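Colleague: From TrEMBL, for reference:
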- A:303-402: domain 'ABC3 transporter permease C-terminal' (DOMAIN)
- A:300-321: transmembrane segment (TRANSMEM)
- A:342-366: transmembrane segment (TRANSMEM)
- A:381-402: transmembrane segment (TRANSMEM)
- A:431-452: transmembrane segment (TRANSMEM)
- A:458-481: transmembrane segment (TRANSMEM)
- A:516-535: transmembrane segment (TRANSMEM)
- A:899-919: transmembrane segment (TRANSMEM)
- A:949-970: transmembrane segment (TRANSMEM)
- A:990-1016: transmembrane segment (TRANSMEM)
Amino acid sequence: MTRSTRSMSMVPVALGALRARRAQTAVLLLIAALVTAAAVAAPFFVLAASESLAAHDVSLAPAGQRLVTASRALSVSDGSAPFDQYRSDIRRDLRLPGFDQVTGATADGVVTGPAGSAASPLAARDDVCAQVVLRGGCPTGTDDALVSTQTAADLGVGVGDRVRFTTPARDTPLVLRVSGLYQPRDPAAPYWGAGGLLATATRPAASAAADRPRGTPDAVFVTWDGLRASRVADARYAVDHIATPAGLNALTAADIGRAVDDGAARLKADGYQLDTDLPRLVDRVLTDQRTIQLGVPLGAGQLVLFGWYALFLAVTAEATARRADIGLLKLRGLPRRRIWSLAGLQSALPVLAGLLPGVLLGYLLARALAGGVADPGQRRLAVALAAGAAAVAVLGGLLAALMAERRTVRADVAELLRRTPRRPKPGRRRILRAEMVDLALAALALAAVYQVHSAGQGSGLVVLAPGLVAFAAGLLAARLLPPVAARVARAGLRGGRLRAALTGTYLARRPGLGRLFALVAIASTLAGYAALAWGTSAAARHQRAVLEVGADRVLTVAPVATGRLLSAVRQADPSGRYAMAAVQTATSAVPAVLAVDSTRLAAVAAWSPGYGSVPDRLATLLHPPAPAPVPVVADRLRFTVTVNALGPGSTYLTAILSGPDGRRVLAGYGPLAVGRHDYETAGTPCATPPGCRLDGFALTGAAAVAGRPLDAPAPGLDLVLHSLSGAGLADRDRWRPSTDPVSVGPVLHSDPSGLHVTLPAGDSFTDGVRRDGQILLVDAPTPVPVVLAGQLRDAGLVGEPAVGLFASTAVPVRVAAQVPVLPRLGRAGALVDLDYADRLVDDGNGPRVSQVWLAAGTPAAVVDRLRAAGLRVLEDETVGGRAARYAGSGPVAALRFQLLGAVLAVILAGAGVVLVAAVERDPRAEELTALRHQGLPARAARASAFDGYAWLTGAALLAGLLVAPVDRLVTGAVLPLFSDDWRVLPPPPLLGPGALLVAVGCAVVLIGAAAGFAGYQLARRVSR
Amino acid sequence: MTTLVVDGLTAGYAAGAPVLRDVSVRVEPGRVLAVTGPSGAGKTTLLRAMAGLLRPEHGTVTVDGAPLRDRDHAVAARVVFIPQGNGLAAILTAAENVQVALIAQGASPTDARRTTLDALDRLGLAGQADQLVEELSGGQQQRTATARGLALRGAVLLADEITSELDAQNRQKVIDLLHEEAARGVAVVMATHDPEAAASCDAELHLVDGRAELVRGYADLPAGA
Ligand SMILES: Nc1ncnc2c1ncn2[C@@H]1O[C@H](COP(=O)(O)OP(=O)(O)O)[C@@H](O)[C@H]1O
Ligand SMILES: [Mg+2]
């Protein structure tokens, strides 16, 4: 026989031996497969998650962050416009491949119909008809226009009617034919650009010009030719570049960031302006990439290390079982090479056999958790990386296995023929190699923890710290096992407790149990740590979602008069338990204002303890008693007025009321004549109780039109208002002029017969001060209380504070309380009562968002009633939905992989238990049987079969349960909670008992099943 | 005083023909019975049956008239068994092996401790009490098993080839100890293939191919035995 055939001949022998121990071989194979799986899963997971995270980041970004808008001023006054020129300039300067492009142009103005007017810009936009639900036709001719359903209602026009568009930049009104009525399919879609085209979109404060009529500012769309034909001198041309997952993804993010910077410079040089929030999105994409590219391979590496350890333990256990065979072979003088190949093959073959199933399992796990890798290039990269990782995992596994075998092969025959290893001689202990490893690991863990506290996130050992602490703690705890068990055994024997004596002896003396203990302890620490990290992350996501959404569910509804919103919500939910009306300013004005129906705040809002306040108290502060409203119930409203003097021009008087449905009712009188007269209007909706609520009066220079500013009459006016349909007006304290600091209102005096009103002489007006003829009823506390989050100074509320509620005239406020955080507003903003705000604000039509907040468990009928009351739901958001959005971020993906790793680690530990138990079953069964023959009761024998595994795994699990929180406390949150560095609320505690219990529960079930199985198999073998 | 009677015993292992055929023997208290025969004759099988570890196919094994149900029953009837190959637990030390057996059979921990040291001392193992079984020589292991058997102070003592690895001096000591036990009133059975050891016994049962032949009997052995 030649040498090679000699060693070849060992293969069938080894295979035979493996077949004889089929179950053990299978467990060894499983361990090897799990190690390979962890290694293979990582690259697939990272690359798949990279793709899906970027796509997720892009698709969930607010429209503003997906837009790169290049724009320039545009004049079409001469009837021509170099649109193509502009377009190619922009295309040349700004290269964003894969971005959608929408070109548009807008001109500010007012559109007027028979029933009213609206501050709608005139706009041309590519493919607008594809983005809307259309009634009628798409504009084709130059005078065709699309008007939104809402605007059409305000203007009182339908398809085929004509509207007039007036703009300061044009002398004569433009007459347009309404070719169709539109409703945007998705007003929040980035197609609509950064705002200004739709009423529901948020709009920067700067464009909410004070002198523009307020109304529903949905744009009026015309064709490009129509826009050209409008000859507007003052328009704006813009190309919106919309980030899509195809354009902005894991691979392109960095390039796109640079392209935007470069493009901005070039465009500026060419006279264009670039507006974008895209860098924030790019940052988030890059942060997510970094998080998983660091976190996942580390997690996988940690798991592979753990797997090698499990493999080492398993092979050691197997080799121990084969010691006697090897000893006999040695006794027979078999050459060492052949012994090596026989022993080596027995562990190498299962490790190699685990490769293929491991690769498959790893790939499938990554696919299940993160999806597939779509990009072919990335897929090739993933395959290459996975192949490398698998090779490393398997080679490491083989090395671990051979190291384990080496101890057996090199041991002397006498030692090999023993079952229980020689005990170290007392007094002659020296530090062994295994102890050196433990100590080195402990030192490394300490260094990592030190770094966590000195360097912070993302550096060096920090990300490794939790794993290092888990390993070091597990190994050190395992060192305690033999001495503690020996003590228990001695005490048991002394006390006559056989179970304790036998179990203690077993745990103290059976070789390899310390390693098994460490394996289980490390696995349960990893599981506990991963669960705690996940728990904190989930709590943070929920907490953030609660803060940002405000209530369990919040409906954003199409803009509607505040009074109407309030009454609709109150009627839909008379109980006050489920629904609350809220209105939020949609401008960047400071402070941001959220007005809520505060009587329902406590019942409806979702509140978290991090806010530093309780909703009941805030509601009380926001809603102090107020002077009663003045109801007016009459069809024909009769006004009794004495005019003493009139200024030049005609003067009209308007009673401003809120109708029963919350709509504003204007009752106009005039022109007024000198002397005492009764004036009357017909046809108000105030006839049926509860009638209308009187809000005030306005003296105007022309008949008041809804949606149009009230122009004040000429100075020199002097009159006394006596009564309105029976309601007396004499109480001076109930009346006030407008509170807007930039306007000067009438002077009010008491008069026994009524309210004496004079308009100051003309010379008291200076530029920049608006005359105002309004006299408003005091039916809300003034100044109105607000609850402020943030600093007074930052909110501009030092001194005599006033706030522009809903981008309206400023209203004096009193800061009733300062709190750290408010729902939806975060750390800066003001909360006010919606009802009072509505009574104080004379024109509530500024850009804002009307909402209905719904508490958890709101019956569907409430929502149905809201819809039936005419509230059109634009957006429907829930806390759960918002929280789920954050679950798609990089840190959460990394945590998910960490959880997978924890589960695999626990399975590995369980496999270790099963394997060690299988290997030692014969000798243990023999021992227990022998003891049975010496009178050990059957029950005690069976119990000690279970006891050993129960105590071993129980103590190890307990160690894990104790170490995991400590690990978490000393290493802190290694991964960021959010990819955008959100810090409005303090992070949730590092330790949540719930998550830990779940993890421990799962570990106990899995490991307990393994231990129970091991105990059962042994107990079965012990003779009855 | 306990008497163990084997009557018409046919017994064997699950697979194959019975090892023992129609064996009858009476083990008297205060006497030592030697069971002899060539290797494979069924000595161990007979002692296992006497210890309650093997169920008879035919016939009975009775202790004071009560047929043995199983090993637990035998333990309760204080039938002590020193198996061939010692039956020591390798994970325990010499002393622990004795102590555990004593406690398992109801001794108090302090008594067990004292009795153990005493028994090991009697067999010259005082110095080996805290050594693991595998750290003892074959003879020491055999003597440990014997010490355990003696420490249990049974009513019947079954000793299976407990002198095979002993030197002459120790063999004699062990045989003397068995006789001392008999003198205490214990019914002692000693399986051995050592004719010298057998000769020192009160009676001898010779097994050949599973059949028993009484070489030498007590005066009052039952007829037909
Ligand atoms: N556990 C067993 N299963 C099957 N056969 C056995 C078993 N133990 C012993 N035997 C068989 O029973 C016969 C008697 O064995 P044994 O009683 O051990 O003989 P001795 O003790 O006289 O040397 C032998 O032929 C042996 O092969
Ligand atoms: Mg025998």
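Cβ from N, Cα, C; glycine included.
Any TrEMBL annotation is an automated prediction that lacks curation.
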Colleague: To what whole number does the mean pLDDT across the domain 'ABC3 transporter permease C-terminal' (A:303-402) round?
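Modeller: Per the prediction, mean pLDDT sits at 87 for the domain 'ABC3 transporter permease C-terminal' (A:303-402).
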Colleague: What else in the chain is close to the transmembrane segment (A:300-321), if you only count residues 6 or more beyond its ends and a Cβ gap under 8 Å?
Modeller: 21, 24, 27-28, 31-32, 34-35, 38-39, 41-42, 45, 343, 346-347, 351, 389, 392-393, 396-397, 399-401, 403-405, 407-408, 464, 467, 471, 511-512, 515-516, 518-519, 522-523, 526, 897, 901, 904-905, 908-909, 911-912, 915-916, 919-920, 922
Colleague: Could you put numbers on the helix, strand and coil content of the domain 'ABC3 transporter permease C-terminal' (A:303-402), residue by residue per DSSP?
Modeller: 89 helix, 0 strand, 11 coil
Colleague: Taking pairs 6 or more apart in sequence, does the count of Cβ pairs under 8 Å between the transmembrane segment (A:949-970) and the transmembrane segment (A:516-535) hit 3 or more?
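Modeller: These two segments touch.
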Colleague: What residues elsewhere in the chain lie close to the transmembrane segment (A:458-481), defined as a C-beta under 8 angstroms and at least 6 residues from its ends?
Modeller: 294-295, 298, 302, 305-306, 435, 437-438, 441-442, 444-445, 447-449, 451-452, 507-508, 513-515, 517-519, 521-522, 525-526, 529, 952, 955-956, 959-960, 963-964, 966-968, 970-971, 974
